[in-house]
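S.K.: One structure, pasted below without further comment.
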Amino acid sequence: MPVINFTYEELFEQLGEELPKDELINILPMISSDVESYDDVEVKAEFFPNRPDYYSVEGIVRSLKGYLELEKGIPEYDVKKTDTTITVDSELENIRPYVACCMIKNVKIDDNQLRNIMEFQEHLHWVIGRDRKKVAIGIHDLDKVEGPFYYKAGNPNETSFIPLESRENLTLNEILENHEKGEKYAKLLKEFDKYPLIVDGNGNIMSMPPIINSELTKLTTKTTNLFIDVTGTDINAVTNALNIIAANLSENGATIETIEVNYPYHDNKTYPDFEPKIIDVHTKTAQEYIGIDLTADKIVETLEKTRFNATKINEETVRVTVPRYRIDILHEVDIIENIALGYGFNELPAQLPDFATVANPDSKRQFDQILEQVMIGLSFTEIKSLMLTSETQHYTKLRKEVEEDRVTVAQPITQDRTMIRKSLINSLLEFLEDNKHEELPQKIFEIGDVAYINENAETKMVTVKKLAAAQISSVANFTTIKSIVESFVANMGFEMELEDHDDSAFIKGRCAKFTTKPLNKNTPFTFKGYFGEIHPEVLTNFELEYPVIAFEVEFSEVE
């Protein structure tokens, strides 16, 4: 989780009053922070990935003002509508299609603030941007450029500019090959014939997203006006990132000015988009979740402390206005969590359960531990990944047809979380892609649930436990993975039978499936699986440069 560093001095200056340091340390957990360390000068506080609005000191201060009742409700931001536009090139639709921009004027930047802005940007890159793949952010000195602005597709060999922290004019390809940031993020653009550029009205290149800004628009302590650009592959994530940046960087009296994005392939949009979300909270539901009696008036009071606007509709319902920077609020239950925060977790009465229980080991967890011990004994390292994935990651990149029995998300928030996985193989390949800069060989495994539709099941869905493992190395081949599977099966106390298997994710003729039979007749489970060498086209899709071998097994109870 992101760790935010700030000094007492800068926090108290923005807060408008000074607190005893020990009091601040005790308050921070009350606003969903985990204080990692502190001394007489600085605090290091950890915040959950669902609260990116806390990733700068301005967001922390905003919340503290509510908790201390120095301010209540949603802050009022000075937003000025302008005629400034950014026009999007049609060629970017299949490269990096979305952009959101705004201007922030009359900011005050000293050395500390400059450092904070850079750290804020990088935290957002990691949490919302998935290390710039989904979202990338550029923050520029507005006074060095002029509108209107353009989001263009540039020729990699014919277009050049001076990248940040450089003195030499480089082509876009040279930046990817020779610049530190270019080398690190080249994988995000290399497959395309043209690369995205942010250009001003005079033809000055401001940015090459998601790689690097121009030296021309570099921020300094003399900068007073900012141009913010956010580009990406998911319009919701792009919008969320810009809204959070605009809100946080304008907390200290700066003025936000809008920019309209003109698309050839999407509806035009004006940013920032501060149109709030409205959610109704029911007093009875809040009482049941929190475990105390709450009136509608008390709910309004607690929500205003947590920086929401709230209106009592009647004794049963409170209408809540959610600011756009609170991207963690999706449902009534999220509002109820904030009611508890505003009420104060330390104020909730402690109550012992009125029944006694006896703890026993969880048999499913014990089984997982056996699997973990076997795989660790084979020199594999365990990973954990999300169950949600997308059809592109799960099927297309593995050369598979989309299956009808997959479980899909009805209203996905992002394009890369649209279904529940049916296999663990793609999760392993994604992990290897993210870690391809690390030393080889890499040997990883995962134990996790997958799901698929079954109309005969009570819930119309079946969940199954699987284990998958993968190895990337220069010498990985079918013989290697066959030996690994044989060792795994033997260590589990089984014997196996092999058959030829054809799977489009694997090289034809270098893939097999197997069934198993326990050596101990009292073994309560069995398993089957498949293994082989990953197909070169799949390796290319995941930008992997060395052979990969993998196996996957599915467990079931003996009837």
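A Cβ is built for glycine as well, from the same backbone N, Cα and C atoms used for every other residue.
Feature list, courtesy of Swiss-Prot:
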{"type": "BINDING", "residues": "Asp328, Asp334, Glu337, Asn338", "note": "Mg(2+) binding site"}
{"type": "DOMAIN", "residues": "274-350", "note": "domain 'B5'"}
S.K.: Near Glu337 (Mg(2+) binding site), how many other Cβ atoms are within 10 Å of its Cβ?
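M.R.: There are 16 of them.
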S.K.: Could you give me three numbers for the domain 'B5' (274-350), the DSSP helix, strand and coil residue counts?
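M.R.: Per DSSP, the residues of the domain 'B5' (274-350) fall into 33 helix, 18 strand, 26 coil.
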S.K.: Same chain, not part of Asp328, Asp334, Glu337, Asn338: whose C-beta falls within 8 angstroms of the C-beta centre of the Mg(2+) site? Give them in sequence order.
M.R.: Arg326, Ile329, Val333, Ile335, Ile336, Leu341
S.K.: Determine the Cβ neighbour count for Asn338 (Mg(2+) binding site): the number of other Cβ atoms within 10 Å of its Cβ.
M.R.: 22
S.K.: What count of other C-beta atoms do you get within 10 angstroms of the C-beta of Asp334 (Mg(2+) binding site), across all chains shown?
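M.R.: A 10 Å sphere around the Cβ of Asp334 (Mg(2+) binding site) contains 16 other Cβ atoms.
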S.K.: Same-chain residues six or more away whose CB lies under 8 A from the CB of Asp328 (Mg(2+) binding site)?
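M.R.: Counting only residues 6 or more apart in sequence, the Cβ neighbours of Asp328 (Mg(2+) binding site) under 8 Å are Asn50, Arg51, Asp334.
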S.K.: So what's the average pLDDT for the domain 'B5' (274-350)?
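M.R.: Value for the domain 'B5' (274-350), mean pLDDT as a whole number: 93.
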